[in-house]
Amino acid sequence: MKSAKSKQRLNEMRTPARSKQNLNQGDRDPVQVFCRLRPMQRDTDISCIKIISPTTILMSPPASAISYRNEGNRTMKYTFKEVFPPEANQQEVFDKVALPLVEGLIKGKNGLLFTYGVTGSGKTFTMTGEPQNCGILPRCLNIIFKTINELQAHKYIFKPDKMNMFDIQTEAEAMLERQQELHKFKSGKKNNSNPDLAMSDTDLTKIEGVNEDNQYAVFVSYVEIYNNSVFDLLEDGPAISKNLPVKIIREDAAHNMYVHGVTEIEIKSAEEAFDAFYLGLKRKRMAHTTLNAESSRSHSVFTIRLVQAPVDEMGEAVIQNKKFLSISQLSLVDLAGSERTNRTKNTGQRLREAGNINKSLMTLRTCMEALRENQINGTNNMVPYRESKITHLFKNFFEGEGQVRMIVCANPRAEDYDETLQVMRFAEMAAEVEVAKPQITDVGATIGLMSGRRKANRLFNAARDNIIRPEAKDLELDLGLVYSLGPDFPSLELNSSQASHIIKELMAHLEMRINRRETLKRSKAIKDERLRSALLELEKESLEVRSENASLRGQLASAERRVRALEERLTATENASLSHQRKLAEMTEYTSSLKRDLQEKELLLSQNKLDKEKQKKILERKYHHKIAAEHEKAKEINSEKERLRNAIEEKENRLRIIAEALHDRGDNVDSHKHTGDMAAQTSVRDFTPGSTPRALPAHLLTPFSSVPQTRETRDTPTSSRRGVAIANPRHKRSLSADGKGWVEHAPNKIVPMGTVMKPNINNSKFVNKLTNVKDIANSKSSKYCLISQEQDTDGELETKLYKGDIVPTCGGGAQVIFNDVEMLKQFSPTKERESSRRTSGTCARHSAKRRETGSSPPQTPSNTSKKQRVDDE
Ligand SMILES: Nc1ncnc2c1ncn2[C@@H]1O[C@H](COP(=O)(O)OP(=O)(O)OP(=O)(O)O)[C@@H](O)[C@H]1O
């Protein structure tokens, strides 16, 4: 009865929407209904739903259920597009249910997806999901941006016109708005993002087949329908506001329903979309019921609108024509729970809420039923969309075109059986409703633009940027590449009533194609001409390049020859340089070894010097007193000598006087004989064996004669005169020539008469007798001396000392370099006195020993005095 009445009422209110009769069966799609079962909360819960196939479930009423009491134990079977078991994951549900809708959205089709079910059955879980396990909505946003990321138009190129359509702004206008927004952002905008809803990029795949010749922009809006009033959840203002203004639903120029004045945010990334969604969530009114602490008491509608417009023939900017805009929308609706009021024990405000919720769901159900009836019976009964905001808003999906999908969420526990049964019945009925398939047209093709122009432009620009030659920057894209003959032919299916109309359409299409062909022909002819002249130019250029190439090749060959020759020279020079370097290294090494040797020798020398000086000082200290005493003694002796000489002279004078007196008396001869005998006696008495009798004149052997000498005695070589040993100051003492006794240089005792001096070199640094080669190879000895004694031409004893340095040789031996000859000579004082008497006429008697140095420089008065030591007695 009730249904007949309502049918009549529906017939009276005819909808102005498109008549269904016009659509063929193949142009429609049924509402696809999916079922998702949530897992049981407790192990003790009894399930009343059983999945018997991927599309079918069986519902058996528990004894506690009302339907069990009314209808008995009747198992119900329900079939869906697909049944998701409790263990099905979010990705699976998204792939099967939402992904086709997103693909449709990108291709320009509208889509509607709503979740329906009892409170706590998993509607919000399915739509929104949980942190780290996000549901359909975040996945939709992620995949959309992953797909269109590089094809997005700059922000504010598309701008909502507040009447559910969009304006296209120029790049300059859009930039101005972007700057204003940046300013606003700087002056403090809160970030509402909920990072938990974001997904990792790797979880996502891109949707294939997107039209790359379009630019895209995504707008989102989020409304809540609560107590049959529409609220904008993204409206500017405080994040949580109690008094949001109520919005009204209107129809736009294209007969699409929309929330008038709703905030549509243009978003450029999934993160921005989550920001918006999270802001809306915060504002969403959540009320607590006894059934579910987070039960949603309102319907929430999150709408994604994708605006796309073809790019111009250059493939860069959007064509500034609203006609070419394509707007598709995907609405994701999380319906409020469909439970009955008595079960939730609601009162007051909650009761009203529940009433409204049930009313809107009932209206949805009524609308579906009416639609199904119209579609099955071919009737045109009015569908009461306006009775509820939710049905009013989605009227277009059922009247116009689009894809509609529903996920029925069910909690299989026995307590929910009655409510779940209602839900299943509604789902069964909704699955029979059909919606017109959306038609997609490629706007670019209808205006004669070739597909792939954007990519071609991008490739061309990239190629141009890669060319280094400066003239490449002036190259322009050949627009001829992007012409086409226009859109596809219209449908040629003739049916009697529409034949003339179709023929007219076809004629117009053909004329358009003929015109376009002519244009293309003209354009082609011009381009052919251009191409020919360009080819000629290229040919000419090519010839020039070839000749230039030939000459360059010749130059290159000669340059290569030069390079080879230079390389050879370089190699030779390098080799020479290497050998020089080697030699240099050797020499350097040799030099350094010599330097080392030199340093060692210098060290030795300095050490020797120091030793000598030390020695000298020690000796000086040791003999200082002795020398002083000797000096004193010498002085005393000298004074004694002087005294004696004076006495002798005095005696001699006296004797001379006596002699003269005697001479005068004629006693001259006897006196002379007596004196000669005395001298001879003295000479024989003082002569010791081993001395040189030859070198001992009688006057030297009797230095202190007690007999007074006469003048004749003094003048003869046998006159009595005591000789004093000659001392060499360089040596402490000398060895007597017979090798039997030492003679002090400065003798403190009287030296025996007839002693012949021989130099003594008693120094460890001297070698004066070479018996073994080790003597000179020994590092302690640094001097070498050869001594020879022989008779000189005057018959005097001559001693020669050949002195040299011992120098070590490289082979480890030693060599002697003679550099000094020292000569000791014994002169007969008699001879000297004779000669001096001859020259000076004096009668002084001398005994002299002269030292001569063989290699000494020419004697000057000063050095002569140094070299010559004459000791007077
Ligand atoms: N398929 C599922 N897997 C795991 N947990 C689920 C599933 N479905 C629902 N739940 C859990 O059940 C609880 C209630 O789910 P949810 O809030 O989505 O219910 P609801 O139908 O949206 O309720 P309301 O109508 O009151 O909004 C949540 O804690 C959620 O985590």
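The chain as shown is numbered from 1 upward.
Just so you know, glycine gets a Cβ as well, placed from its N, Cα and C.
Small disclaimer: the values here were computed from a predicted structure and weren't measured.
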Exercise for review: Out of 322-372, 526-576, 730-780, 781-831, let me know the one TrEMBL marks coiled coil.
Suggested key: 526-576
Point to revise | region 'Disordered' per TrEMBL - which of 1-26, 599-624 | key: 1-26
Exercise for review: Based on DSSP, name the secondary structure state of G117 (ATP binding site): helix, strand or coil.
Suggested key: strand
Review point. What count of other C-beta atoms do you get within 10 angstroms of the C-beta of S121 (ATP binding site), across all chains shown?
Key: 28
Point to revise | Surrounding CB atoms that lie within 10 Å of the CB of K123 (ATP binding site), all protein chains | key: 28
Check your understanding: What does DSSP say about K123 (ATP binding site): helix, strand or coil?
Key -> helix
